Amino acid sequence: MIKQRTLKNIIRATGVGLHSGEKVYLTLKPAPVDTGVVFCRTDLDPIVEIPARAENVGETLLSTTLVKSGVKIATVEHLLSALAGLGIDNCYVELSAAEVPIMDGSAGPFVFLIQSAGIAEQDAPKKFIRIKREVTVTDEDKRATFVPFDGFKVTFSIDFDHPVIKGRSQETVIDFSSTSFVKEVSRARTFGFMRDIEKLRAMNLALGGSMDNVIVVDDFKILNEDGLRYEDEFVKHKVLDAIGDLYLLGNSLIGEFKGHKSGHGLNNKLLRELLSQKDAWEVVTFEDAGEAPISYLKPVLA
C-alpha cells in the first residue's frame with residue numbers, strides 16, 4: 001500500500017517575509033492521518049488555523065495567500081512545493097507572522113528541513129487526485145490546463161522579452177517519474193526585475209527581498225554575483241511555484257499540468273474549475289505500490 005506521510009519530528013526555522021520584511025518563526029509539526037497541510041497563526045489569540053486548500057486562497061498578487069475571516073498567510077507556495085515534492089500529506093505549519101519566510105527564494109531550505117525532521121509513513125492509504133479529462137482556463141494569452149497522464153508531469157513555458165531570459169530555455173517539460181524534484185526543481189529561486197523592485201517597495205511589498213533570496217535582473221544582466229543555479233532557473237521556478245499551487249488540491253496529482261505564462265491567480269482558477277467539474281477527476285488509492293504510476297523514496301532515503 002502507498003501510505004500517507006507526515007514528519008517524524010518537530011523542526012523549526014527562522015527567516016524573513018519576502019514582502020513584509022518581518023522576522024518570522026516557522027515550526028513544522030507531524031499531523032494525524034487525513035489532516036492535510038494546515039497553516040496556523042500562533043501569534044494570534046486564539047490561534048487561527050487555515051487548511052491549505054484551493055477554496056481558502058484569497059489573494060494571488062505576486063504570491064499565493066490563504067485568507068480566513070480576514071486573517072492572512074502569504075507566500076505559501078514554496079513550502080507547499082517542498083511538501084508536495086517529498087509526498088508529505090499531513091503537516092501542521094506554525095507561523096509567528098502573516099507570511100511564510102522566503103529563506104533563499106527556493107524550496108531547497110524547506111526540503112532540507114523536512115528531510116532533517118524525517119519522514120514517517122502512516123497506517124492509511126495515500127489519496128491521489130487522478131485527472132480523467134482535460135480542463136483548461138485562460139486569461140488573455142495566459143493558459144493553464146490539466147490533462148490525463150499516468151504519472152505526474154509539468155510542462156511550462158514563459159515568454160519574457162528580456163535579453164537575459166530570451167537567451168535561455170523558456171520552456172521545460174518535467175516528468176517526475178524520471179526527474180528528481182529535489183535535484184532538478186527545488187533549488188530554483190524566485191526572480192525579479194530591478195525596475196519593478198522600486199515600484200513594489202513603494203507599495204510596501206518586497207521589503208524582505210535581497211540578493212540572498214531573489215535572482216535580481218536589471219535591463220541587461222543578472223546582478224547576483226553567483227549567477228544561476230540552473231541554466232533554465234527562471235522557468236524552473238515557475239514549475240516550482242505551480243507544484244506548490246497545485247498542492248492546494250489537498251492531494252498529490254496523477255496527471256499533467258500545462259502552463260503558458262500562468263501565475264498564482266490562473267493556477268488557482270484552474271484548481272477551482274477542476275474541483276467544480278466532478279466528472280473530470282477522481283480520488284484513488286493504491287493497495288499495491290507496484291501498480292501506482294507515482295513512487296516515492298523510502299522515508300529512510302528521502
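Think of each number as a place in line: the chain as shown, counted from 1.
Backbone N, Cα and C atoms are what each Cβ position is placed from, and that goes for glycine too.
In the record from Swiss-Prot, residues H237, D241 bind Zn(2+); the candidate from H19, H78 listed for the same site is H78. Highest Cβ count within 10 Å among the recorded positions H78, H237, H264: H78.
D241 (Zn(2+) binding site) is surrounded by 25 other CB atoms, counting those within 10 A of its CB over all protein chains shown.
Listed in chain order, the extra residues whose Cβ falls within 8 Å of the Cβ center of the Zn(2+) site residues H78, H237, D241 are E77, S81, S106, A107, A188, R189, T190, K238, V239, L240, G244. Separation of the C-alpha atoms of D241 (Zn(2+) binding site) and H264 (active site, proton donor): 8 Å, rounded to the nearest whole number. In this structure the alpha carbons, written CA, of H78 (Zn(2+) binding site) and H264 (active site, proton donor) are 12 Å apart.
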